[in-house]
């Protein structure tokens, strides 16, 4: 299959903006600036403010949807299906999961490297697989169970790489690295709950993906923005790296941005990139395939790792390479990337046919996830 220029553009856009999303968030974490009332220079550690910016990016997908819809309606033969009407509150529970998981992950990003952050997010397939069996009545293929176990092995290897990097005096303290890695894995449990909720209550409706992402972004943006007010008064001691040691000091964040405008550029990069990444991801699924989208999503982990090394944000650790490859293998098996290869081998093709016969057509479609678009946080 030869890709068109438009398909190549979409693939490049998804890979670029997906990588920029994590890199810009990490870049913001590396800044230090004075705070309010001439508070001495300190690190920009405001994960919840960053999460609000991320949801603003998701919310912008709603604006993009209506702009595209209005433009399409001017054509004699409109091509965009606006979808059916639905109760927006359908998206509130998954949006709250998205909000909680995203906030936890931005807290963790302050504690560990960008590459480990991205690699450890691969844990989501473990919990999504287990929860889909428990609550959706799904039957996983043997290759998917194998993919889950290989992913667990990959996570252990990445964790060991972080452990040794902490002992070698890397950018972060060992205690912070371990805490950050555990927070990332904890966040993936919440993300998997979000995905199960979406599949059980949202996917049964015919809703345009951009509208779905934007609606979740709407709830996440406004709820988290309101929560910044009580967070300003909740003391958390040394867990928070802001001068007042509260859960989130949004005023300090704005003062730091005022003293160092480059922070705003990093935050805008995060907001804009998440919007374009969601749009590009949805378009790649539509124009090429869901499998291609998964491959590109895995490749951005490699891009983030290489760029972080080039910028001197982290040191090279051979175990990370091994961990990345093992995680890639586990993710590929879970998502069925091995199937086209096995289908070309006569003895293996029979095994695939036997597995497919054990499932109904509906179950096979759910298992392989062809064309499925996740509406959760794609950061």
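Indices start at 1 and increase along the chain as displayed.
Backbone N, Cα and C define each Cβ position, glycine as well.
Automatic prediction, not curation, is the source of TrEMBL annotations.
The region 'Disordered' annotation in TrEMBL covers 354-379.
Annotated transmembrane segment per TrEMBL: 48-69 (among others), in sequence order.
Sequence-distant contacts of the transmembrane segment (89-108), counting only residues of its own chain at least 6 positions beyond either end whose CB sits under 8 Å from a CB of the stretch, comprise 25, 47-48, 50-51, 54-55, 117, 121, 179-181, 183-184, 186-188, 190-191, 193-194, 197-198, 201-202, 205, 212, 215-220, 223-224, 375-377, 379. According to TrEMBL, the feature transmembrane segment maps to 89-108 (among others).
Residues or ranges marked as transmembrane segment in TrEMBL: 120-138 (among others).
Marked as transmembrane segment by TrEMBL: 145-165 (among others). Residues of the same chain lying 6 or more positions beyond the ends of the transmembrane segment (145-165) and with a Cβ under 8 Å from any Cβ of it are 112-113, 116, 119-120, 122-123, 125-126, 129-130, 174, 177-178, 181, 185, 314-315, 317, 319-320, 322-335.
Here TrEMBL flags 177-197 (among others) as transmembrane segment.
Same-chain residues lying 6+ beyond the ends of the transmembrane segment (217-234) with a Cβ under 8 Å from its Cβ atoms: 48-49, 51-52, 55-62, 88, 91-92, 95-96, 98-99, 102-103, 246-251. Annotation comment: TrEMBL describes 217-234 (among others) as transmembrane segment.
For the transmembrane segment (262-282), same-chain residues at least 6 beyond its ends with a Cβ under 8 Å from one of its own Cβ atoms are 10, 13-14, 17-18, 20-21, 24-25, 27-28, 31, 33, 44, 49-50, 53-54, 56-58, 60-61, 64, 209-210, 213, 256, 293, 297, 373, 378-379. Taken from TrEMBL, the feature transmembrane segment covers 262-282 (among others).
As annotated by TrEMBL, transmembrane segment applies to 294-313 (among others).
TrEMBL lists 319-337 (among others) with the feature transmembrane segment.
Counting residues 6+ beyond its ends, the transmembrane segment (177-197) has Cβ neighbours under 8 Å at 93-94, 97-98, 100-102, 104-105, 107-112, 116-117, 120-121, 123-124, 126-128, 130-132, 135-136, 155, 158-159, 162-163, 165-166, 170, 374, 376-377 in the same chain. Away from its own ends, the transmembrane segment (294-313) comes close to residues 11, 14-15, 18-19, 22-23, 26, 30, 113-115, 118-119, 122, 171, 281, 284, 320, 324, 327-328, 331-332, 335, 337 of its chain (Cβ-Cβ under 8 Å, at least six residues beyond either end). Non-local neighbours of the transmembrane segment (48-69) in the same chain are 25, 28, 80, 82, 99, 102-103, 106, 208, 210-211, 213-218, 220-221, 224-225, 227-228, 231, 247-248, 250, 253, 267-268, 270-275, 278-279, 377, 379; each lies 6+ residues outside the stretch with a CB under 8 Å from one of its CB atoms. Long-range contacts of the transmembrane segment (319-337) within its own chain (CB-CB distance under 8 A, at least 6 residues past either end) are made by residues 115-116, 119, 122, 125, 129, 141, 143-144, 146-155, 157-158, 160-161, 164, 291, 294-295, 298, 301-302, 305, 367-369.
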